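A quick write-up on the structure given underneath.
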Amino acid sequence: MTTRVAVFGNGSWGTAFAMVLADAGCEVSLWGRRAALADAINSSRTNPDYLPGVALPAGITATADAARAAEGADFAVLCIPSQTLRENLVGWTGLLPAQSVIVSLMKGVELGTAKRMSEVVAEVAKVPEERVAVLSGPNLSKEIAARHPAAAVVACRDEDAAVRFQAACHTPYFRPYTTTDVVGVELGGAVKNVIALAVGIANGMGLGDNTKASLITRGLAETTRLGLAMGADPHTFAGLAGMGDLVATCSSPLSRNNTFGMNLGRGMTLQEAVAATKQTAEGVKSCESVLDLATRHGVEMPITETVVSIVHEGKPPLVAVKELMSRSAKPER
Ligand SMILES: NC(=O)c1ccc[n+]([C@@H]2O[C@H](COP(=O)([O-])OP(=O)(O)OC[C@H]3O[C@@H](n4cnc5c(N)ncnc54)[C@H](O)[C@@H]3O)[C@@H](O)[C@H]2O)c1
Ligand SMILES: O=P(O)(O)OC[C@H](O)CO
């Protein structure tokens, strides 16, 4: 029987991932809030706003009707900005079939509650954690839409559910692995956006590859520290959702977080950088909720703290870098 998937969010990643699912043989319903864009997708067989020029496979049908998208879905894939999940999900939960697995593609932490996306899903949709999965990894949407080979991780407390979703999105160019470490996979995805902002800022300031490598390495150290405090498996951070995504995002000009940081490092104000960004740069908001999470768990995250001070407190990058470098000397851990 054909697997039916509802993808909620027709932005760049929702659309590129819908292509993966359709290429893997699924019947995909792609929801977006604007009827005009859904119509344009169906008539032009492209997504002119988010993936212009990319031909969409026949297995994708766009709609602005959430009930229609959810009908008979084996999987509901969520791909909207993290801070808008709660308000949207309230309207969708009654529409989803009782046994469908809900999969988050989002890489953020909720402001105010410091909850991971899968926690928000379980709470709002009132489903057990075994029915909530997460997919993450080095997956820049434009490269996936070009069908360049890439890998990812599907995390779910219920290993069978992870394996079923793995099969639903496995193609010759997209290789998903499975794990039960939901916490580690979600933290890897959310914190790498914050570190990508830091690397972007450094690049924008004209700093070099040593700085970039130091930020990536120490960024991974602080992500792992938080993960350990939250019960994650430390091996996850050496994997696709940890090191893999960190390297891709911190190296690529396609990354919105990296580019946002670069604009700040070149001297733009927060307002100017926001105005220059067309799509979602999750780290801009999630740096604060990640720091909140770290504080709640008594974990030190100096790079994240520095990013918050530059992005939200207006600290000049040069001053922030000096402060970061003048912290007391310590062993490498
Ligand atoms: N783009 C990527 O390469 C990529 C890869 C992996 C994960 N992600 C993650 O996927 C998530 C979505 O990112 P994206 O790249 O698709 O973003 P995007 O900016 O390209 O698209 C966002 C989508 O959400 C919709 N949206 C915005 N505000 C909304 C609201 N209030 N209610 C409902 N819909 C709303 C937009 O209309 C659009 O369809 C983020 O958490 C991001 O970190 C992105
Ligand atoms: O464009 P970014 O910075 O949101 O990064 C996109 C993906 O998360 C890379 O895996």
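Quick reminder: no glycine exception, Cβ is built from N, Cα and C everywhere.
Not measured: the values here are computed from a predicted model.
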NAD(+) binding, same site as GLY9, ASN10, GLY11, SER12, TRP13, GLY14 - TrEMBL member from ARG218, ARG225, ARG256, ARG266: ARG256
Annotated companion of GLY137, LYS192, ASP245, SER255, ARG256, ASN257 at the sn-glycerol 3-phosphate site, TrEMBL, chosen from LYS107, LYS115, LYS212, LYS285: LYS107
Same-site NADPH binder from SER141, SER214, SER326, given that TrEMBL records SER12, TRP13, ARG33, ARG34, TYR50, LYS107, ARG256, GLU282: SER141
For sn-glycerol 3-phosphate, whose listed binding residues are LYS107, GLY137, LYS192, ASP245, SER255, ARG256, ASN257, the greatest C-alpha pairwise distance in Å: 16
Within 10 angstroms of TRP13 (NAD(+) binding site), Cα basis - recorded positions out of TYR50, SER141, LYS192, ASP245, SER255, ASN257: TYR50, SER141
Nonlocal residues around ASP245 (sn-glycerol 3-phosphate binding site), in sequence order (Cβ under 8 Å, 6 or more apart): SER136, GLY137, PRO138, ASN139, GLY188, GLY189, LYS192
Neighbour-count leader, CB within 10 A, binding-site residues: ARG256, ASN257: ASN257
Entries of TRP13, GLY137, LYS192, SER255, ARG256, ASN257 (recorded positions) sitting next to ligand 1, with Cβ under 6 Å as the cut-off: TRP13
Residues GLY9, ASN10, GLY11, SER12, TRP13, GLY14, ARG256 [recorded NAD(+) binders]: greatest CA to CA distance in Å: 17
